Amino acid sequence: MPASLVVGTQWGDEGKAKVIDFLSKDTDIIVRYQGGANAGHTVVVHGKKYVFHLVPSGVIYDQTICVIGNGVVLDPLFFIEECDRLQKEGFPVFDKLLLSDACHLLFPYHSQIDSARETTLSQEHKIGTTKKGIGICYADKMMRTGLRVGDLLDTSYQTRLKHLVDEKNRELDKLYGMPPVSYNDINEGLKFFLSKVKKNIINTAYYLDTELKKGKRVLLEGAQGTGLDVDFGTYPYVTSSNPTTGGALIGTGIPFQHLKHVIGITKAYTTRVGEGPFPTELLGEAGEKLRQKGGEFGATTGRPRRCGWFDVEMLKHSVRINGITSIALTKIDILSDYDTIPVATGYKLNGKTLDCFPSQGLDKVEVIYEEFPGWKSDISGICEFQKLPEKCKNYISALEKWIGVKINLVSTGPDRKDTIHGDSF
């Protein structure tokens, strides 16, 4: 059975968790492949909201095994807190969760250094990090100095950890004038973490390959989106990993032959958190109106998201990079009650129309817009395409034509049931 991938096409917060939740009922295994606790996935089931940061949202389904892949950076105590919270809400997390032995561990010194670096930068050089230590942990991974989950299975890790803590404390003191972190506190935390998850630690790449060959249905989920990819996003205003298709394969160990479906998730408008260029951004009252209508505040930090119109060039870029085979369009209901809805269909730079989404100079482009007549009726909760207002259907059809990929799922509200899918079109 081939694997499927859900990937964000914008700057994250596209509604991946809802789509993953919708697809989970037909899935045996869900795998998180990159990122860390800097991401928040929100799922609403029967009016109750659940927020996930590290644990795959498929944990709420009885039949689904959840896997944390090798591409994730894991804050061990935050992870246990999240698992315990979900256990109290009735989900047997520890009975259905597998953890890659190659997953890198994130420690307090990572977040402290991250926060210190961001604080010392001038406003024009700030990245807009969540200060969770994600990038610093990935840097240690690339420097080959980090500790992995599997290292904890041998007590010799303590020698390496002591050396790392001493090194990071020197950095905290000499560069940032910050107090040291405690080796003993970190080590005791790791012992507690291991006592909870030791039986869950395995070679997940081998496990996934074995299960796929048995015909199991596997769904890959990431954090953030293509616009935040460290290689193909709006660098340097990006995350420190690859949320794109290539990152999914590396972050799970699944070979490309197993991957057949790549589902791109996109909002019917655009948002981003933090710094960086945003060509279609709405400022002032217009931006605030869309933010309030869409409830655009970060699930992890609570930060207000910047809001703007749909960007076709960005979506075409995401389709190319990820090999997207279908699109799920979310939050179309938020656009109700607009007289007109502009869509960015291209860019000009120095008077010349660009062929594609640029790697540099996005902050200097002139946006080419086409306007669509809006619809006034409330479409929240509609589950059949034909019941949508004609102007809404025209908007969706135009996006599909420009993107060049079939839109076969439309979300009309936060709940699982507020979804138009498949035969409804």
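Just so it is clear, glycine is given a Cβ too, placed from its N, Cα and C backbone atoms.
Matching Thr159, Thr239, Thr244 to the IMP binding residues that Swiss-Prot gives (Asp13, Glu14, Gly15, Lys16, Asn38, Ala39, Gly40, His41, Thr130, Arg144, Gln224, Arg303) identifies Thr239. If you draw a 10 Å sphere around the CB of Lys18 (GTP binding site), it holds 27 other CB atoms from the protein chains shown. Neighbour counts of Cβ atoms within 10 Å were compared across the binding-site residues Gly12, Gly15, Gly40, Gly302, Pro304; the minimum falls on Gly302. If you count neighbouring Cβ atoms within 10 Å for each of the binding-site residues Asn38, Thr130, Gln224, Thr301, the highest count belongs to Gln224. Counting Cβ atoms from all protein chains shown, Arg303 (IMP binding site) has 13 others lying within 10 Å of its own Cβ. Here the Cβ of His41 (active site, proton donor) has 24 other Cβ atoms within 10 Å, regardless of which shown protein chain they belong to. Cβ packing within 10 Å was compared across the recorded positions Asp13, Arg305, Ile332, and the lowest neighbour count falls to Arg305. Relative to Gly15 (GTP binding site), the recorded positions with Cα atoms inside 10 Å are His41, the candidates having been Asn38, His41, Thr130, Thr301, Gly302, Arg303.
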